[in-house]
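Presented below is the structure to which this report refers.
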C-alpha cells in the first residue's frame, strides 16, 4: 500500500508516476477522500475528549444533585450516540482504502519508462548463444520421447497444464531443489524455511496478491488459498512485528509447490512445462532497511544468477520498464534463460524490490537498539529458481543428437553419479 502522507505532499509527482504505470491521475480524488476521512476522525477524537471530560465531572457529582447530574447524563448519552454515528460513517467510508488497494507501487527512479516487455532494458548477458543451431528439440518433445515426462495421462487425472515426471527426470527435479538450497544457504547465507502452502486471505493481501489478483489463485472452500509463490508465506513471517535492527537483513529461502490459475493466459504456452497450474520453486525473500534495500536487491539477483552460472545455462538480465513491472514492485530485474529449442530467451526468474509497499500493508517495522521509534522495513523477493523452467532449460541446452540429456557437472553428485539421462527402461 502507498503512503497517503507522501501522496498528499507530492501530488504532481504521484500522478506522474501513475501515468508511467498507465493509470489515470488520482491525487485529487485521494486528497478529497482522505480529507473526508480525516475530518470524521478529528470529530471522533473531539467527541471522545468531551465524553472523557464530562464523564469525569459526572463521577464527582452527587447523583442526588438534581438537574446538573441529569444534564451531564444526557450530554454523555448524546455524545455516545454521535460517536456511534461517526464511527459508523468512518467504517462505511471504505472508498479511500479500496482505491489505495488497487494502486500499484511507485516505480523507482532507475526504472525506464515503457509500455511492455519490448521496452525493457538489457543489463547484461552471460554465456554463449548459438543462433544458428539446427534440429534442437523443445523440452516436451525430448521428455516425452524419453518416456520420462507425461502430459496425456496426466490430463486425464488433472486436466490441462499439469505434468507427471518419472524416473531420472523426477530425480532431476529433486536434485535441482537440493542443489539450489545448498547454494543459497551455504554461499549466500539464506535461512532455509519450510512454510505452509495454505494461507489466509490477509496473508495474500499483505503480499499484494489480493484484492486485485484474486482470480489468479486457487481458493479452498473453507477460507484458505494455495500460495502462488513462497514469497507470500515468507514475507508474512514478519507481519505485525517490530524487528530489532541488528537482526536485519533477514534472508529466507524456501522450496515449495506453487499453484496458479493462469487466468488470462489462455492460448499461451499450452504445451510443455513453461506455464503450469502446479510447479515447484525455490524462493528467496529478504527483509531489510530502506538504506540497504538497493544493495540487497543486487545481492539477491546475483544469488539467482549464480544458479544459472553453475548450471552452465546462457541467460540475460533485464531491467523491467514501468509497463511490465509487477503490482507490488518498485524495481524488478527479470532473468531470461536461453532455450535453443524455442530459439529465444524466456523468463526464468524475477528479482523485485518492493520497498515498504508490502510492509505498510502488514505493519512490519524495525527499530534501532535503545530507540522507541520504528520504521517500516523494506521487503524483497527473487526466484531462486523455479524447478520446472530450470529443467526445461537443461533439457534444451544439454540435449544430444540421440535424444539423451547430459547432466550438468554440478548435478552429477546430486544425481547419484548419473552423467546422462536416457530413455526409461522397464
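Every residue gets a Cβ built from N, Cα and C, even glycine.
Swiss-Prot lists 229, 230, 231, 283 as binding L-serine, and of 158, 350, 371, 383 the one it places in that same site is 383. The L-serine site is defined by 229, 230, 231, 283, 383, and by the 8 Å test on Cβ atoms against their centroid, the other residues of the chain that qualify are 232, 234, 254, 256, 258, 281, 282, 284, 285, 381, 382, 384. Of all the binding-site residues in the record (230, 283, 383), the one with the smallest CA separation from residue 260 (ATP binding site) is 230. Here the binding residues for L-serine are 229, 230, 231, 283, 383. Their largest Cα to Cα distance works out to 10 Å. Distance between Cα atoms for residue 229 (L-serine binding site) and residue 350 (ATP binding site): 12 Å, as a whole number. When the C-alpha distances from residue 230 (L-serine binding site) to the binding-site residues 261, 347, 348, 349 are tabulated, the minimum falls on 349.
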